Every structure is written in C-alpha cells, then in structure tokens.
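Q: Input: one structure, supplied below.
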C-alpha cells in the first residue's frame, strides 16, 4: 500500500513539472543551497551522512571493506591533496579525465564526449562552484535518471592511496570537477564499484537525457549515411572511435594519422558531385590534438579541385580546430564504432534543429502477475505489460524509396546498478512489436490474451535479449497500430522499467490494459423461494438463534471442504469467514440469517466450480498466473496494477493461491465494488471520503 501511495504522489509531482531540468528532484531530499549555507554559517565543512567516507562507499566485493585493493586508503579533501585546488580551469578538456583503479572507462568516455558541448556540460556540472569563494566542502551535479533530472549533493572527501587520487583524476592533479562528478555518480548508483563495467551510451543518456544508439561500422545498416544526416539535423551528439586490441594500442597513431581509442565527434555529412558522380563525405573533429587525417579528402587533397568551387569554399571554411573531411567509405573502413545520442526537445534551445517527438512510459514486472518472460514461455508471456503505438504520419522524406514512420524504442531497466551490492545485477531484457488486428483497432482497454500471441508473430523485435541497462532499436513501419511488449528473458523476475519512444512525426503511445469492471450476480430472492431441504439444513446448522456467526461458519465450511478431494484446503480462516459475513450481513447483526446464508452458499459453490475449472493441472491449487483468468470467470476485469496487488496480497511465496485466499479475494473485491457503487450512484468513477470513513472501509 505504501508503494502505491508513493507512486501516486510521484505522478502528481511529475505532472506539476518536478523532475524537469529546471526543477530537478533533490536526491535523498538534500538541498545544496541550504546545506552549504548551514556549513558557511557554522564555519564547518560538509560531511555527507548519506554517502559517508567509509569502506562501504567504495564497494562490496573487489573494492569491499576486506579487499586488499582497499587497504591503506585515506579519504582526503582536495585542500589536503594539493596547495591550490581548482574546480575547473579554462573549461573542461580531455586531460581532466584520467582513469584510475576503477573499470569505468565507459563512463569516462561519456564524460570526455560531454566536454565537447559546453551547453550540455553546464547542465550536468554547474560551473559556479569553487574551492575559494563560499567554499564549504560541498558540491552538486545533475543527472538524468529514468525520465527525470536528479540533483546529487556530495562532500569533497575523495579516496586516495599514497597521497594520490584512487579513481578518476586530472593530468596535472589540481583540477577536481571530474573526480567529484564520478563520486556523485557513484553515490546515485550505490558505491564506486557499482560503476565497474558498462556502455558509453549509458553515460551519454544520464548526462543528456537523450536516447543513445550505436552501430558497428564493420556491419553498417544500408541507410547509415542518411541516419547520420538526420541525426545532425536534430542536433544529436555523434561520436566515433577506433577499437584498440591492447593497452599498448591506446593513443597509437595510424599511418594516416588517426588515433586509436580516441573519442572523435562527427560534425557533418554531405553529398557532393565529383567527376560526375556523387561522393558521400563525413566531417570529423579531433578535439584533443593537432593530429589530422592525411587520406582522401583531407585539407590538401586534390579531390577538392573536382567539385564546384562554391561548394568547396562552403565545406572547407574552418569552423573548429581539428576538423577534417573524409569519404564515407574511408570512415567505415577506418573507424570501428559510431554512437549517436539523440537529444530530447527540451535539451535543444536552438530553433534550427528538427526535433524528435518524445514519449516516455513507466512500468514494472512483478513476480507472479506481470513478469511473464519472453515468447519461449507462451503460458505467461501475455501477462507482461502491453503498450499501444499508433503511427499516423509517414516521414517527410523516403530512404532508398522506402516510405514509413521512423521511430526509436529504448527499454531501460531501472536501478539495477544500485542493487549490485545486494547480489542483484542486470536482467536479460528485450521487447517485441505486434501488429494490431483490424477487429481490435481503436481499442485500448483490452489486454491481449494468450491466444493472440500463440497465433501472431512479432512484426519487429529488439535485436537481442541482453543483460545491459538498455535495449534500443530503430524501426521503420507503415502507419497503423502496434502493440509493444517489454519482457525479461525468464519469467518471475521483479524489476522496474521505462520505455522511451523517439519518433520523426507525432505519434500516440499509451498503456493497453483491461478496464476495471465487475459483473456481479444479483440475487433477488425471498425466504419463501428457498426449498425445504435447505431450510432444514440451515436449522440444523444455525441452532437456537436461527443465525450463523463467523465462528460457526468456519466450522461448517471446514467440514464441507474436508470432503472435497479436488481442492486442497485446510478450511477457511476466521478472517475469511468474518469478511464473508460482513459482505452479506444487511441488518448489522454480525450473523447470517436464512436468506443471507443461502446467497453465500450459492456463491461458494460458484467459487468452487471456477477454482476447479481453472486448475487445469489438477493440482488442487491455483498458481498466481491462473488467477487472472479465474477473476474474469468470477466477473471481474482488472488492470495489471491491480493484479500485482492481488498476487502480492493473496499468493504465498511459491505463488500458490489456496482456496481460502481465493474466496477471500473475491469477497473482498465484491464488497469494495458494492461500497463504491453505493457511494457513486451517478457512475462518475470518483467518490469523496472523510478520514474516518476512509479508515472504516480500509480496515474491512
């Protein structure tokens, strides 16, 4: 219940703008300005109680408290490490980022790319921080986390060994913005060791809020040049690199003056007419040095004399140091990898860019209810969350004669790095996209069933199921309606996720789920309608007061169930019996009369029939995945969120729902629906309750 309330509160705050870059969420409710002012007034330096300078902040295994790698480590402030520490000197450069004893080169490569764009860097690293003016030992940074911007506060105590920084550091040793940024990122992920191993695209996304895709240039898609052109038009960040095969290869220079292991940026893509044929050219920037390409289409290459002079002047006019052109074919031959970080519309302040249309949807997989696994598990796959994608407008320009709607889908699993210290790691995740059949077009209130997925193949799917934070793919499909199904590879894996869809044109996206519905059987009978046989049975069971209490009901039902071989049960708990009596006790006596007991008896017989029919494996019990079908048979339709709550409340640790809990669930639901209907006679879908009424209904 607390989790549901927290989600509702968070959704309301997000609707009011909390989590945007201008209104970043304060991580762990720590307010940078308030904490700094407190320290300045008290004349003390900040010590972060939420990420203290202790061994557990370093790691849990390789960097754990008893690891040899962490012996002799001292936490020191920059003022204790060098005589004149600086936060940032003359802007951020690559030399500010040198790797230490942590396997987070993926993160450092993303930080290096961040330094190429001052506007985006300033969003992540507020530059008005220093070790001189208003210094209080506290610094702050902003990261994108699963759809919202978060402000993270850290103190400036950094791990050192033999007087040197243990992790990231600047080349000259007196600049500390990168070390403090790494510490803030370690804090939000649980510890430094949680940063070991990852993809540069992950860092790209957390620094920009964009959606990052990458391409192996040895196997490029046929339309890659067009993808690059469109990405540049949209203001995306593009980086490329040449793989290294050994540590000795790092910074090695090829015979045509390209540097291996270097982060280059792609800044242009043009087609020019040369000697009667079209040539595709790529402009590359080497931000770190004077080394420039000496192959075809370099600055002094005769090939420039083969194109129109005005075109040559436009393309060769220098804008940035270290920029050079090369043919697209040489680009594919010499470089290994291209990364594109597609930025969100709010990141781009200029109106010159063609901006993506962005939609984000949050969801979760819950063991026993909505964690159905992949298509290899047909009995449960359909239980996964489902999302409708409605593509309406085709792209403005066709690629290679192919029309359609271009969109990117990124599925991110949340908070998995933070859970590494608890022994958890990344799930293996992926997704499928299914075409909606004509008969279901326009409907968003139907969760597609098991039979649909048994008879329909995926129109598209993620390239692979993989244990990375994000699975991302680019698609092009005709206008129409499609269902996106995200899943873990195996069923029963708990996890939270967010899905982001970047589309060329405006498209409609929303969760597909069953609407809440209760078709309850009404009993319009009088005592005169009850046959004599049942009257005699009731008189025998009820005793002298001619009424049945919850305790008497428990005894009666235990005897009945003991005779059933097809339902495993130890009888009903007194709690279930009290709920049944409350549901039908119309006169408030706390007991059931003849008519009330007759209605209950009829309901229990119906419940037994449903339970038996749903139990297809004849185990005498029901598993949590069968519960959804059972609820439908009983007249209830529920969205995924309610199924998660029901399984969490009524299933045991083996995901079994026994007959007692099955009946308790149905009776509880029926009672709640009847209360709501009584308080909402106009069927508005909302009711108002004061605190005492809310509490009375909640403790039913």
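Placed from the backbone N, Cα and C atoms, the Cβ positions cover glycine too.
Pulled these features from Swiss-Prot for this protein:
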type	residues	note
BINDING	89, 91, 96, 175	Ca(2+) 3 binding site
BINDING	229, 230	Ca(2+) 2 binding site
BINDING	292, 299, 323	Ca(2+) 4 binding site
BINDING	542, 545, 547, 552	Ca(2+) 5 binding site
BINDING	585, 587, 589, 591, 596	Ca(2+) 6 binding site
BINDING	615, 617, 619, 621, 626	Ca(2+) 7 binding site
BINDING	658, 661	Ca(2+) 1 binding site
DOMAIN	572-605	domain 'EF-hand 1'
REGION	345-514	region 'Domain III'
REGION	515-529	region 'Linker'
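How buried are these features, and what lies next to them?
A: For the recorded site, residue 96 (Ca(2+) 3 binding site), the DSSP three-state label reads helix.
The DSSP secondary structure for residue 229 (Ca(2+) 2 binding site) is helix. Neighbour density for residue 229 (Ca(2+) 2 binding site): within 10 A of its CB lie 17 other CB atoms from the protein chains shown.
Residue 292 (Ca(2+) 4 binding site) falls outside any helix or strand according to DSSP and counts as coil. Close to residue 292 (Ca(2+) 4 binding site) in the fold, though at least 6 residues off in sequence, lie 257, 286, 298, 299, 322, 324, each with a CB less than 8 Å from its CB.
Sequence-distant neighbours of residue 547 (Ca(2+) 5 binding site) (same chain, 6+ apart, CB under 8 A from its CB) are 589, 591, 592, 593.
Residues within less than 8 Å, Cβ to Cβ, of residue 596 (Ca(2+) 6 binding site) and separated from it by at least 6 positions along the same chain comprise 584, 585, 586.
Of all Cβ atoms in the protein chains displayed, 9 besides its own lie within 10 Å of the Cβ of residue 617 (Ca(2+) 7 binding site). Secondary structure at residue 617 (Ca(2+) 7 binding site), taken from DSSP and collapsed to helix, strand or coil, is coil.
Here the Cβ of residue 661 (Ca(2+) 1 binding site) has 20 other Cβ atoms within 10 Å, regardless of which shown protein chain they belong to.
Remote same-chain partners of the domain 'EF-hand 1' (572-605), defined as residues 6 or more beyond its termini with a Cβ less than 8 Å from a stretch Cβ, comprise 523, 525-527, 530, 534-535, 538, 542, 545-551, 553-554, 557-558, 561, 660-661, 663-664, 667-668, 670-671, 674, 700.
Residues of the same chain lying 6 or more positions beyond the ends of the region 'Linker' (515-529) and with a Cβ under 8 Å from any Cβ of it are 445, 594-595, 598-599, 602, 606, 635-639, 642, 669-670, 673-674.
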Q: How many helix, strand and coil residues does the region 'Linker' (515-529) contain under DSSP?
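A: Split into helix, strand and coil, the region 'Linker' (515-529) gives 3 helix, 2 strand, 10 coil.
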Q: Whose Cβ lies within 8 Å of the mean position of the Cβ atoms of 585, 587, 589, 591, 596, the Ca(2+) 6 site, other than those residues?
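A: Sorted by sequence, the hits are 547, 581, 584, 586, 588, 590, 592, 593.
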Q: Cα-Cα separation of residue 552 (Ca(2+) 5 binding site) and residue 587 (Ca(2+) 6 binding site), in Å?
A: 18
Q: Write out the long-range same-chain contacts of residue 621 (Ca(2+) 7 binding site), meaning residues 6 or more apart in sequence whose Cβ is under 8 Å from its Cβ.
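A: Within the chain, residue 621 (Ca(2+) 7 binding site) has Cβ neighbours under 8 Å at 568, 615, 656, 657, 658, 659.
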Q: Go through 545, 585, 587, our binding-site residues, and report the one whose Cβ sees the most other Cβ atoms within 10 Å.
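A: Counting Cβ neighbours within 10 Å, the top one is 585.
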Q: Go through 96, 552, the listed binding-site residues, and name the one with the sparsest Cβ surroundings, counting other Cβ atoms within 10 Å.
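A: Each of the binding-site residues 96, 552 was scored by Cβ atoms within 10 Å; lowest is 552.
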Q: Using C-alpha atoms, which one of the binding-site residues 229, 617, 626 comes nearest to residue 96 (Ca(2+) 3 binding site)?
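A: Out of the listed candidates, the nearest Cα belongs to 229.
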Q: Where does residue 589 (Ca(2+) 6 binding site) sit in DSSP terms: helix, strand, or coil?
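A: SS state of residue 589 (Ca(2+) 6 binding site) = coil.
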Q: Tell me which residues of the chain lie with their Cβ under 8 angstroms from that of residue 89 (Ca(2+) 3 binding site), as long as they are six or more apart in sequence?
A: 174, 175
